[in-house]
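Visitor: Below: one structure in structure tokens.
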Amino acid sequence: MSRTSSDTQLDKVQIKSASVYNIHGLSGSQHSLSVPPIHKDVVGYRGSNEFILTDDKQSTMDQIKAIGPWARRKCKNMCRRKILYKRVPVLNWLPKYNMDDAVGDLVAGITVGLTVIPQALAYSSIAGLPAAYGLYGSFIGCFVYILLGSCKDVPMGPTAIASLLTFQACDGVWQRAVLLCFLTGLIELLMGLFGLGFLIDFVSGPVSSGFTSAVSLIILSSQVKDLLGIAAKGNTFIEQWSSIIDDIHNTQVGDALMGFICIVVLLLMRLLPRIKVGPPDACDQSVAQKIINKSLWLIGTARNAIIVVVCGGIGAAFYENGKEPFRMIGDVPSGLPSVQAPPFSVPEVRDANGTIVQEYESFGDLLQGLGSMLIVIPLIALLENIAICKAFADGKPVDATQELIAIGVSNIANSFVQGYPGTGALSRGAVNNASGVRTPFGGLYTGLLVILALLFFTPYFFYIPRAALAAIIIAAVIFMIEVRVVKPMWRSKKTDLIPGIATFIACLALPLEYGILVGIGLNILFILYHAARPKIHMDQAVTPCGVKYLMLTPDRCLIFPSVDYVRNLINKHGLKSQIPVVIDCTHIYGADFTAAQVIDTLIKDFKSRNQLLLFLNLKPSVGNVFEGADLEYRVFYDFEQLDKAIQECRRKSIPA
């Protein structure tokens, strides 16, 4: 309670006592609060049994009995129309769907589809899987997200980061990847149902930037082998480059030449949408100028698809009777994947000589192998998805819980068509938004385009050079390295660079799950240190009668890491001044039992040296904690009465 509390707040608090103390609320009305006398000559509130703040507390048995009605209310609320519309967002926008929406979604869906197909082929190589698995995970999720997704700009499918995490967890075994997709979706769905979307709040901006930048370098490094046409392997950045250096003497000139040319062309094509012919305002442009500008935008946006088609044509033209001028992605199974339950074990595989190529793994073995990735991948998937939602939210709130449900169900559905974990990709989200998408229905056309590719174009995918796909990935991920955040972070708060740089280095040197844990752990340490070292503002005040006293104002809650530090500071200032001390509790909105014990020791410290210690503006919640610990303390809510108490105690030398 503070002296500026509203009437409603004051009416809720009952204070058991014998005398009356008047407090003026904001409206100017007076509220009578019963208070006990601290001393026959000293006014104020006294702690312990004489002063009890009550707020309709219930006994433990009453609280247990209330669980049943609470559960019934929750179940009833879940069946309300409002909740249904919130958890199935398609019900909100579908009744208002019109022709303009349909045209916008059609254009955006096809444009994103032209981006998804080459990316899916490329990302599957990052995941260490055959090219078809990237396409398998790129259509069912689009359809599911139409029903459950809350953001129009999110295109579900494989992403570079999710692909790399899948590779580190599954090591190229497709059964593990499909099972990981199912379990990831299940965990995301459960997190959504239990409202655990707040967990991403523990991943700060610097940690996220450090992680993304490190992952981008690792992905780039993983594609160098295809760019140069050599054999290299490794999970971490150091392992990959060590392997690349060992085999760099086997570089294939044709692959390297095509790869570097593709990177340069892709970077130049990326600039095409920025070129504007004619006046800047579209309304002032002629028809020809509008056509040219739209064509430049479409060529720049569909650059990945154009590179794949052109390089695939070159690969087919130079292919002669099994002689490949470049390393190609090879056969891609034609047709849609069979719908089946995800595999819960990995069968034993032997070669023609009977040698075991792949050992049998039970479900328990698979779970043990996936380990912490079952938590890391859902969190990273949510981070990627929420980044898109926030980027194009236009000030609207983002429902992390609903996004968890949407991507969770999408991944569960993907696992039944042999897809691996996916989420929304920021690059495709930007294309979706720039293409004029109006609703999540644009995902329908993206998914249909992927299905058409699987049905009719897979024979032609054979001729696509791996160097071209590597160039597509490298040209995309170099812009994910977040160098631009370093300068503003340095200007804003230099210490934020520490967890960011630590995450970056740890992710390069260690497996990714350990790297991000290092960053989160450092962030938590910074938070705990900040909580353990509150600032205390000190003022020397004088009562109207000339009695000096010290006013100490802590700037945050009293919790166990900070109370000993606060006690030492207050004792230090008290011993140095040897005058009455008042602790202004205006900013103390919470306390715990450890804090109450230490405050009790502090009160005894002051009492042992006959020095006055008083409290000002103690909140009811904090008072409840102090009362539970049987503290003997004095609290005031008015400076006039505080001054009077200090003067009386000083005059009569009343011990604290």
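Even glycines carry a Cβ here, placed using N, Cα and C.
Feature table excerpt (TrEMBL):
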| type | residues | note |
| --- | --- | --- |
| TRANSMEM | 102-121 | transmembrane segment |
| TRANSMEM | 127-148 | transmembrane segment |
| TRANSMEM | 177-200 | transmembrane segment |
| TRANSMEM | 256-275 | transmembrane segment |
| TRANSMEM | 296-319 | transmembrane segment |
| TRANSMEM | 366-383 | transmembrane segment |
| TRANSMEM | 442-462 | transmembrane segment |
| TRANSMEM | 468-486 | transmembrane segment |
| TRANSMEM | 498-529 | transmembrane segment |
| DOMAIN | 581-649 | domain 'STAS' |
Visitor: Quick check for me: are there 3+ Cβ pairs below 8 Å between the transmembrane segment (102-121) and the transmembrane segment (468-486), leaving out pairs under 6 residues apart?
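Guide: Yes, these stretches are in contact.
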Visitor: Could you check whether the transmembrane segment (127-148) and the transmembrane segment (442-462) come into contact, where contact means at least 3 Cβ pairs under 8 Å with the two residues of each pair 6 or more apart in sequence?
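Guide: Yes, since the transmembrane segment (127-148) and the transmembrane segment (442-462) share at least 3 Cβ pairs closer than 8 Å, they count as touching.
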Visitor: Of the listed stretches (177-200, 256-275, 296-319, 468-486), which one yields the highest count of Cβ-Cβ distances below 8 Å with the transmembrane segment (366-383)?
Guide: 177-200
Visitor: State the non-local partners of the transmembrane segment (296-319) in its own chain: residues 6+ outside its ends, Cβ under 8 Å from one of its Cβ atoms.
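Guide: Sequence-remote neighbours of the transmembrane segment (296-319) are 111, 114-115, 117-119, 121, 258, 262, 265-266, 269-273, 275, 277, 325-326, 328, 431, 434-435, 460-461, 463-465, 467-469, 471-472.
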Visitor: What are the DSSP helix, strand and coil residue counts for the domain 'STAS' (581-649)?
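Guide: With helix first, then strand, then coil, the domain 'STAS' (581-649) has 36 helix, 12 strand, 21 coil.
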Visitor: Limited to the domain 'STAS' (581-649), I'd like the whole-number average of pLDDT.
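Guide: Averaged over the domain 'STAS' (581-649), the predicted model reaches a pLDDT of 85.
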